[in-house]
Amino acid sequence: MAAPKVAVVGAGVIGLSTALCIAETFPSCSVTVLSDQFSPNTTSDVAAGMLIPHTYPGTPIHVQKQWFKETFTHLFAISNSAVASEAGIHLVSGWQVFKSTPKEELPFWSDVVLGFRPMSEAELQKFPKHRFGQAFTTLKCDCPPYLLWLEKRLKAIGVQMHTRKVADLWELHGEYNVVVNCTGIGAHQLVGDEKLFPIRGQVLKVHAPWVKNFIRDGDGLTYIYPGIHRVTLGGTREKERWSLSPDPGTTKDIFDRCCSLEPSLREAQEIQVKVGLRPSRQCVRLQREVLSQGEVKLLVVHNYGHGAGGFSVHRGTAKEAARLVGECIAALKNSSLRAKL
């Protein structure tokens, strides 16, 4: 058969990294990315990009750990290379603090990040309202540069990118042999996934170059994540809220909460407000599906629903999606071989 044609729908971190994994794993494939939005207008552009996993209740922990480990290993190699600055990836050390000791003092990912340990009494003095904490070093992606770097890598290996609004996966039948759905919150409408819902996140991007360490409240709501040029202050988790308009009251609340953890932020300049809708469900949808209309079939791979944890597992889930695309290609070859016989 001719070189299989694969369409990846969606150009956030999941779509771009999935397209890259497919193109690297199956160099004979023709891969095209289709999306109505590219960076800087994707949900991923709003994300803080910290590698601290979010837990998916419907996904086995060993699977989540594997996704995180693959992602961490991949990004650690980039952070240790000459392209680290262009890709927007760097190591950052800091603290996760709790008002009371958590049930799980050693999270499942503690041996993947670097130097994970309980905080000392002296360190905890910085956080008088908190009684327990964890110190570790992890990775941070500055999202817009990372997305642009992924696009550059895709173009360099011949992947096509087109601005196109896909309203129905069936419209790609005839043009492509396999369709990969990485549309995030867009899958709610595109494939009618009722299990998918938005969790609205509002964050502030501020200029505070003296802040070098991340600080995250254990409840995951208040966080300070220093990037290369800006510090991300968060946040909110507003389930089922679809509004992309910044809320001034929320902005003040986030700023006040972050200043209570790091009082020096009162001097922060150039406050920008960003809003994104995290595509959330009980578990990431990472599976093959054969859509049928009578005798006509369309091979689909889904990779969406990463919620707040997309950056932490993006490379791991992209590798799994590429493996599923490989199964689709093998099925196509078998059916074309049977047709010839």
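The backbone N, Cα and C atoms fix where each Cβ goes, and this holds for glycine too.
Sequence annotations record features per position, and here TrEMBL assigns FAD binding site to Thr43, Ser44, Val166, Thr183. Feature annotation from TrEMBL assigns D-dopa binding site to Tyr223, Arg278. Under the heading domain 'FAD dependent oxidoreductase', TrEMBL lists 5-324. Residues annotated as signal peptide in TrEMBL: 1-23.
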**Prompt:** Just the number: how many Å between the Cα atoms of Thr183 (FAD binding site) and Tyr223 (D-dopa binding site)?
**Reply:** 27
**Prompt:** Counting only residues 6+ away from its ends, which parts of the chain sit with a Cβ under 8 Å from the signal peptide (1-23)?
**Reply:** 29-35, 37-39, 42-44, 47, 141, 143, 146-147, 150-151, 153-154, 157-159, 161, 166, 169, 172, 175-184, 186, 190, 303-304, 306, 310-311, 314-315, 317-319, 321-322, 325, 329, 332-333, 336
**Item:** Cβ neighbours of Thr43 (FAD binding site) where a neighbour is any other Cβ within 10 Å
**Value:** 24
**Item:** Rounded inter-Cα distance in Å - Ser44 (FAD binding site), Tyr223 (D-dopa binding site)
**Value:** 17
**Prompt:** Record lists Thr43, Ser44, Val166, Thr183 as binding FAD; longest Cα-Cα distance in Å?
**Reply:** 19
**Request:** Could you check the binding-site residues Ser44, Thr183, Tyr223 and say which one's CB has the fewest neighbouring CB atoms inside 10 Å?
**Result:** Tyr223
**Asked** Between the binding-site residues Val166, Arg278, whose Cβ has more other Cβ atoms within 10 Å than any of the rest?
**Response** Arg278
**Request:** Within the domain 'FAD dependent oxidoreductase' (5-324) only, compute the mean pLDDT.
**Result:** 96
**Request:** Would you mind reading off the Cα separation of Tyr223 (D-dopa binding site) from Thr43 (FAD binding site), to the nearest angstrom?
**Result:** 19
**Asked** Can you tell me how far the Cα of Thr43 (FAD binding site) sits from the Cα of Arg278 (D-dopa binding site), in Å?
**Response** 7
